[in-house]
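The block underneath contains the structure these notes are about, expressed in structure tokens.
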Amino acid sequence: MKSETQTRPAPRSRGRRLGAFVFLSPGLAYLVVLLLVPLALVLSYTVFQRGRFGGVVYEFTTENFARLLDPLYLGVLGDSLQIAALTTLIALLLGYPTAYVIAQLPSRWKTAALVAIVLPFWTNFIIRVYAWIILLSGPGLVNSVLGTQLELLYKQGTIVVGLLYSYLPLMVLPLYAAIEKLDPQLREASANLGASGFTTFRKVTLPLTVPGVLTGCMFVFVPSFGNFVIPEILGGSKTLMVGNVVRNEFLKARDWPFASTVTLALIAVLVVLLLAQAWAARRA
Amino acid sequence: MSRIRFTRRLPAAVAAAGLALAVAACGGESSTSPEGTTVAKAELKANADLTQQSLQITVWEGYTPKELPEKAKEKLKVKDVKIGFHDTNETAMAKLTSSGDSGIDVAFVSGQYAQALNEQGLLEPIHPELIPNLANLYPEATQLAYDKGNKYSVPYTWGTTGICYRSDLVKTPPTSWNDILKPPAWADKKVTMMTTERWLALPALKALGYSVNSDNDQEIAKAKELLLAAKPHLLTYDDTTFGDKLKSGEALMVEAWDGWCPTSEKNIKFVLPKEGSDLWVDTMVIMKTSKNKEAAHALINYILDPEIHSWAAENINYKVPNKAAMERVQVPEGSLLGIKPAELLNGEVIVDLGPSSTKYTRLSSEVATQS
């Protein structure tokens, strides 16, 4: 009897596990076919050599990793980190107040504001980036309105502006979600206990929205770090970012092994940052 | 509207980043035919049944007449002609080399890329007996350095690189690559150079009196110095919109491919610098994996028909290496189409540098990272 009662739940749980597996399988298949397999390919290329006319020659080498340590590429990595970090910081400083204000709006305005934030995503990315050229070029809109001859394009700062413009919504939305979730009573309680508005923000609102801040930062940092279109169009190819190196090595030099190695370095940096983010979010 | 939610961790973001980089290249569709495997040179039949063959072409968009597939299908009586596009030589190479059989029969690539494809053993030798219209080519067009005698490629268009400028805004018209590399004060920050590596290096190599195909480390290092010295005086590096920058007056002088210099505008002129330049050629090649080689030859023969080939000169302003075709074209005065083949041949044909080509990738990276 006893053994029967013990075995009874087993088939059900096995069935449940099977069910879970069936429901997960499309996602798993997607991950395996479109992420893990290509990733494994990329990783395997890192130890091979470039063929005389491009492509991959399957002869083992560690030269690609040695080349990564070349000051040229370390410099590119440093530039990319710096540009992406600056973009993320400014996005946070602009995005937090925006998200905060939107979260306080009456609900129908809230919807309108969120739609306005997402709206630019409905237009083609390249077109939106090119629009900045019309604004910032020598004879462009900004200079003609101001009556100036400022050099606004083709600088590192222009790249930051372009990245900021493109990815700011990705900062605002998770922040909004985090702020909106806050129980207003917590702030009321803080006020009742005599805290000023700023103290309430510093001691209540901000700590409780740290996970949102971290998510927003990753959402902005990740695409900024690997971007290659904006440095090219708005930076005038005068600055290289990691994404440009990957693109150039893959397509122009046809050096797939080295391009894969740079890709690996890029992914490694992002994974480290994601782990740090996950760790910080858990502690928050 | 429901509340927008975000998970705290970002597997999707990582996935997307990894994926975008991982699948940088992909192949085209494949076609099948009853013939099956690779056919050796001698086996192509002049009277093969083309109605059993269909063609897949890859070409730059807008580089051939829009109606080419339908017209060629009708004229050649082949089963089908499909056309696909690549935006650069590099993407064409990715398409053609990433898998065993790309499914592409005829590809349009620049000469040095045809050379690279051939050295990798990917090209079918050209069977001149199947392309009688080869006789229409200028004799010069059969003597191009990357493929003397048109053994594996057939030239489609050719041209050179020079300086395109605003004749109404420059104080003195440019004559030398140094006018771009060391612009006079009135042109400071009003010049652009190309970013694609071989053309980025070209003005410096030529100004120093070196070959555009140099693989000498010292020469490349000297060129780099010159390019770095030029960088602060440039408006930007630009391969695509330099014509617009001239029209708007944002730039006064730009490094430009001849066909891209908008000389139809009143005040825009083109000059070949005195130090010399390159001769670039865009070619048609047949892939060894093609199962429709007779039809592929027939298509190339059809494109070399003066009526078809002159389309490129008339519509995209590129010179074609086809004497019979060029004779049909009305060349407006001052047009770049007037450059004679002999003049063009003064330019140095860009060839593939094999392993040394990475020197130019490095050069362009170095120029881009330093300020």
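One is the number of the first residue shown, and numbering goes on along the chain from there.
A Cβ is built for glycine as well, from the same backbone N, Cα and C atoms used for every other residue.
The transmembrane segment annotation in TrEMBL covers A:21-48 (among others).
Per TrEMBL, the feature domain 'ABC transmembrane type-1' maps to A:77-279.
Nonlocal intrachain contacts for the transmembrane segment (A:81-102), taken as residues 6+ away from its ends with a CB within less than 8 angstroms of a stretch CB, comprise 110, 113-114, 117, 156, 159-160, 163-164, 167-168, 171-173, 175-176, 178-179, 205, 212-213, 216-217, 220-221, 224-225, 239, 241, 269. For A:81-102 (among others), the entry in TrEMBL reads transmembrane segment.
Here the transmembrane segment (A:114-137) has long-range neighbours at 98, 102, 143, 152-153, 158, 161-162, 165-166, 169, 172-173, 176, 229-230, 233-234, meaning same-chain residues at least 6 beyond its ends whose C-beta is under 8 angstroms from one of its own. For A:114-137 (among others), the entry in TrEMBL reads transmembrane segment.
Annotation source TrEMBL lists transmembrane segment at A:157-179 (among others). If one looks beyond the transmembrane segment (A:157-179) by at least 6 residues along the same chain, the residues whose Cβ comes under 8 Å of a Cβ in the stretch are 83-84, 86-88, 90-92, 94-96, 98-100, 102-103, 114, 117-118, 120-121, 125, 128-129, 132, 136, 205, 208-209, 211-213, 215-217, 219-220, 223-224, 227, 230-231, 233-235, 239, 241.
Sequence-distant neighbours of the transmembrane segment (A:208-230) (same chain, 6+ residues past either end, Cβ-Cβ under 8 Å): 80-81, 83-85, 87-88, 91-92, 95-96, 99, 125-126, 129, 159, 162-163, 166-168, 170-175, 177-179, 182, 186, 241-244, 246-247, 266, 269-270, 273-274, 277, 280-281, 284. Under the heading transmembrane segment, TrEMBL lists A:208-230 (among others).
Tertiary proximity for the transmembrane segment (A:256-276) is limited to same-chain residues at least six positions away from its ends with a CB under 8 Å from its CB atoms, namely 39, 42-43, 45-50, 54-56, 61, 64-65, 67-68, 73, 77, 81, 218, 221-222, 225-226, 242-243, 245-246, 249-250. Feature annotation from TrEMBL assigns transmembrane segment to A:256-276 (among others).
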Checklist entry - In the same chain, which residue numbers or ranges, 6 or more beyond the ends of the transmembrane segment (A:21-48), come under 8 angstroms Cβ to Cβ? => result 56-62, 64-65, 256-257, 259-261, 263-264, 267
